[in-house]
Protein chains: 2
Amino acid sequence: MSVPVPSPDLSPFLAACARRQLDDRVPVWFMRQAGRSLPEYKRVRVGISMLDSCARPDLVTEITLQPVRRYGVDAAIFYSDIMVPLKAAGVDLDIVPGTGPVIAEPIRTASDLDRVRPLSADQIPYVTEAVRRLVAELGETPLIGFAGAPFTLASYLVEGGPSKDYARTKALMVSRPDVWHDLCGRLAQISATFLVAQVEAGAGAVQLFDSWVGSLSAADYATFVQPHSASVLEAVGRLGVPRIHFGVGTGELLRPMAAAGADVVGVDWRIPLDEADRRLGHRYALQGNLDPALLGAPWPVVAERTRAVIAAGAAAPGHVFNLGHGVPPDTDPAVLQRVVDLVHEEGSDIRRAARV
Amino acid sequence: MSVPVPSPDLSPFLAACARRQLDDRVPVWFMRQAGRSLPEYKRVRVGISMLDSCARPDLVTEITLQPVRRYGVDAAIFYSDIMVPLKAAGVDLDIVPGTGPVIAEPIRTASDLDRVRPLSADQIPYVTEAVRRLVAELGETPLIGFAGAPFTLASYLVEGGPSKDYARTKALMVSRPDVWHDLCGRLAQISATFLVAQVEAGAGAVQLFDSWVGSLSAADYATFVQPHSASVLEAVGRLGVPRIHFGVGTGELLRPMAAAGADVVGVDWRIPLDEADRRLGHRYALQGNLDPALLGAPWPVVAERTRAVIAAGAAAPGHVFNLGHGVPPDTDPAVLQRVVDLVHEEGSDIRRAARV
């Protein structure tokens, strides 16, 4: 079967990632566009747990496509959860509605490490299958592969679930660097395998989510995190697809996160994109960065902020419009639709004007 | 009655705040040193609610003194809660154990504003009384007055309690700036009255806690927050005591937070103090910034990190050692004792060596 492969010449998203953005289109997609805020998603999820939904190619395909159909965004993001590859590798965990991931036996000592075993592609046939179906359906719209980064995965495994301060994670990191690096090496293998499987099945780009890494200083990031994220991004880089690297509150970490092997750096809303571009030496494409907390504001405010993001993003050699973090569960899809339409209708004019 | 007034000549804490730090002592205190982590605190709080404990001068005095007695820190922090002045001003709220502040009727529209009335000093006689007792007991150890800043207070009033993303707060801010500024003006009056009462009763310094302001971009901070924090700090500044201004995740906000009228800028653990000093143009004393999440690590790690904080703090014209946020509830007091002793025993040598 011959599958149409999206190319930078045809995909505004891939062109922006490649720092070859044309001024006729600002591409846009939203983190968490597939899932929790869409009524059609809630309908197909009735009676099916999160982890079960991620293991069913028919559902993954449907849920991934829903926002593409609805909004006309420039990329699809593979519907999954950062815990899926850990579950597939045999870690005993669940995703509890209203709480998040819950790890049956947290990983805190050297002897716990045996419970984090390598992932092989044949343990995730439903991922390969779903990606194949998706690229056939998506045609010229690229599919972005999805995985959590070693630090963020480790934080769940060590804490046993979501955390406010990552105290156990940080304590392990600094007090047993040998255990920490062993753990993150294992997680890097798992993340890399999960992403490579998606790319080999046809994903045209990847995003590595290190959502909680902004809780670290730059020095600790460089010592304890960057090498492991770099090994994930390197494994994917060999396949030639663009790599997006994202975290929240990472103003101090943009350079080392870029240097870990990113083509596109995701930026949250705390820093304007032109400032992020300065910090990165005008060498990377940027993704972001409308504050998702503002989506509940009246439309004229959302529109003004959307325009400001596009204008600031014009400083960078490539700009993929996105939120600064995931779509909040209570977001009105009609607002996201208006954002997409504004970006598509006004984006190129705003970019041109901002660069005069 | 003549009360001994701490002076910069005698108090290492006040000398550091005044940017006249002598190399013979690095002063140290801890945010949240009074309260939740101390067994002697838990004993006196049995059967007494948080808000009730803050309204009893005998308890406030005892709880404020407990960490000074135990640790030998260089300053006391007035035991209270940021909600106390709002409660005193008539806002219907409670502090629910395990949850935090809960507002009976959140403030979200212009017509809600009438429920945020001015605070007068005669509504908080227990504060004045407790401060008087404390300064008499503390002698040469300064008492730091305590209040929440308008943004952080507003976030609780608008959300109705703690929040992860401050979506309602931000939506109000940007969509109804008139209501927002009216609300924050009222909160600034309340905070200022609360702090001025403490200073007039004898507090030798103040700290304005804008704990959650790091969720904003610098542009929104400048427009929506800084003027109100500035009016609080200005009211206190007329009384001549040093003003500490603190928030979490404020790497992008250090300059405007300093410019709001701070003498000492509190820094969390994400930025080394020498970098904070560079961003602030070497013009402010700094407070911080050991990561509280590391207090559970083995002592050699905590000691190494403590020394690194002192060394980086030597760059600033004044350094008050502290954590980068409050003492976690499960902290072992013995660890804090070792930190205090290390700062006192090794601090001056580390400072001198760092400046060679």
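Quick reminder: no glycine exception, Cβ is built from N, Cα and C everywhere.
Residues or ranges marked as domain 'Uroporphyrinogen decarboxylase (URO-D)' by TrEMBL: B:27-36 (among others). Same-chain neighbours of the domain 'Uroporphyrinogen decarboxylase (URO-D)' (B:27-36): 11-13, 15-16, 42, 63-64, 66-67, 71, 73-77, 79, 144, 207, 246, 320-323, 325-327, 329, 336, 339-340, 343-344, 347, counting only residues six or more beyond its ends whose CB sits under 8 Å from a CB of the stretch.
TrEMBL lists B:R32, B:Q33, B:A34, B:G35, B:R36, B:D81, B:Y156, B:S211, B:H325 with the feature substrate binding site. Taking a C-beta cut-off of under 8 Å and a sequence gap of six or more, B:A34 (substrate binding site) has these contacts in its own chain: B:Y41, B:I63, B:T64, B:Q66, B:P67, B:A76, B:I77, B:Y79.
The site 'Transition state stabilizer' annotation in TrEMBL covers B:D81. DSSP assigns B:D81 (site 'Transition state stabilizer') to coil in the three-state reduction, outside any helix or strand. Other C-beta atoms found within 10 angstroms of the C-beta of B:D81 (site 'Transition state stabilizer') number 18, with every protein chain shown included.
Outside the domain 'Uroporphyrinogen decarboxylase (URO-D)' (B:144-160), and at least 6 residues removed from its termini, the chain residues within Cβ reach (under 8 Å) are 29, 75-80, 82-83, 85-86, 91, 93, 100-103, 106-108, 116, 131, 166, 168-169, 172, 180, 183-184, 187-188, 190-191, 194-195, 198-199, 203-213, 216, 224-225, 228-229, 232, 236, 241, 244-245, 247. If you look up TrEMBL, you'll see B:144-160 (among others) marked as domain 'Uroporphyrinogen decarboxylase (URO-D)'.
Geometry remark: B:D81 (site 'Transition state stabilizer') versus B:Y156 (substrate binding site), CA distance 13 Å. Between the binding-site residues B:R36, B:H325, the minimum number of other C-beta atoms within 10 Å of a residue's C-beta occurs at B:R36. Per DSSP, the secondary structure of the domain 'Uroporphyrinogen decarboxylase (URO-D)' (B:27-36) breaks down as 0 helix, 1 strand, 9 coil. Annotation note: B:Y156 (substrate binding site) sits in a helical segment as assigned by DSSP. B:Y156 (substrate binding site) is surrounded by 25 other CB atoms, counting those within 10 A of its CB over all protein chains shown. The substrate site in the record is lined by B:R32, B:Q33, B:A34, B:G35, B:R36, B:D81, B:Y156, B:S211, B:H325, and its two most distant CA atoms lie 23 Å apart.
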